[in-house]
Amino acid sequence: MSKAREKTLRPQYYNMTYSSSYGGESKPLPTWKTYLYTLQLQAPKPKKIVCQREIPGKPTFYGKEFHGNITREEADRLLASEGDGGYLVRKSERAADAYTLAIRFDNQTKNYKLYFDGQHYVGDKRFDTVHDLVADGLIHFYVELKASDYIASLSNESNYAESPYLAYTDKRKRLHRSRKSAHSKRLDFGDQSQEGSSGSANGSVPQQYLDDELDSIDDVEKYEKAHNFKTQNFIGLHWCDFCANFMWGLIAQGVKCLDCGFEAHKKCSEKVPNDCLPDIKFVKNLFGADLTTVVKARNTPIPVVVEKCIKEIESRGLETEGLYRIAGLHDEVESIRMAFDKDGENTVINEAKYDDINSITSVLKLYFRLLPIPLITFEAYRIILDTMKQDEPRSRNQIIKLKEGLSKLPPAHYQTLRFLLAHLNRVTEKKSSNMMGSDNLAIVFAPTLMRCPEPDPMVSLMNAQFEQKALETLLVKFRDLFSRMSTTQNFEASSKRPSFDALRITDQPPHFDKV
């Protein structure tokens, strides 16, 4: 059943109930309100006032509704005889090569300057025909005439806690959780033998999981994310997911979130909190997509690209000379990127398929470069860069300020950065073989993870050295900066510092408290 048809039928579902995830009590589903839909049906229909004579030089984009050079009074008499809904187009009396659309409504003639650029318009909306433009206008005239007070109160009087969106989202969350297997609450690296990974030189690599400090899957659902609203031309009948009222008009009736499908009146959308729950059917690509959107859509604390690439690198590439410094083959990198966008977590990047580990490292760097908001966000960037410019390197004060900058990262960015830096520290442990110490990795990753918000290229160039110093400090002081125990009072307490093994592969799966 189409979405338009489904929403048309929804008003008769008002007696249905659903079990809330907060206590399990049954609650009625919201009732879809039909008052505005009824008004749209009652709106006058457009009636073309046909010109009975040939007009020399008539524009090719107008039809019989074009009356040429007639006065406003003549147009008013023609429209008055037809009644509400009548319309015609005439040449403007005030400007050459300009045209006026005259519409009859509520026993008055309304005149609008009419434009054409391949489509007809008088405001922001574009229409293929003048007839459709008039039909949409008459609907808006009528609905606003009959229900102006009702429309003004739509978003103010609506209770978001009882909105259709929240009701159906709550139901979707519960269904999503019920379908999740137990291993989805961790980064499950699976059975190495299934992908044919070669393992390390001294034996097979054990499985790798995040430790207890990573947020559980329930926390991922609670990450704050703003809706990505865009004006939408809805086909068929649609109701607002905020106020449950009909979205009237023929085109641009409201807005739709491109990440979760939330549909609303434009005014109602301004009242919606930042609680977007992205749906994988809307978020199709991994590369170039917002990080928080990706992890919420796929219900995993770390993007699948980062998880799988790091797993593969650690299984067979930590001792490769020039790791991350040497670029992979362009065709292989593009092949892996397209595979991730198509297959997601089912993407195979094992040695049997891609034997050059540099292609895997290049894909990981490409993922971070293509993020629309860099991993180290602009807000955190400013604090971190100011700290690197002002404070003594790796001093107590600098560490405290760096932690302040990191605290500005959204949860998905923080967890991903933490996971990546733990991996890069394991790379440095093999620097005698791979020749990649923290200084070399900082040179490679600084421009990948950070982006200067200033448009001036000279500012970016001057900041480059501080970006590299910042990333090197994040690597060297990883335990101080990312440990829960490292507060402003005891960040130097070595007994409280976690080992990198806390983020290593272990033979046993991690423990998660039941929720």
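Positions of Cβ are set from backbone N, Cα and C atoms, glycine also.
Feature annotations, reproduced from TrEMBL:
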type	residues	note
DOMAIN	65-134	domain 'SH2'
REGION	176-207	region 'Disordered'
COMPBIAS	191-207	compositional bias 'Polar residues'
DOMAIN	226-276	domain 'Phorbol-ester/DAG-type'
DOMAIN	289-482	domain 'Rho-GAP'
For the domain 'SH2' (65-134), the number of residues DSSP places in helix, strand and coil: 16 helix, 26 strand, 28 coil
DSSP residue counts for the domain 'Phorbol-ester/DAG-type' (226-276), split into helix, strand and coil: 4 helix, 14 strand, 33 coil
Averaged pLDDT, computed only over the residues in the domain 'SH2' (65-134): 94
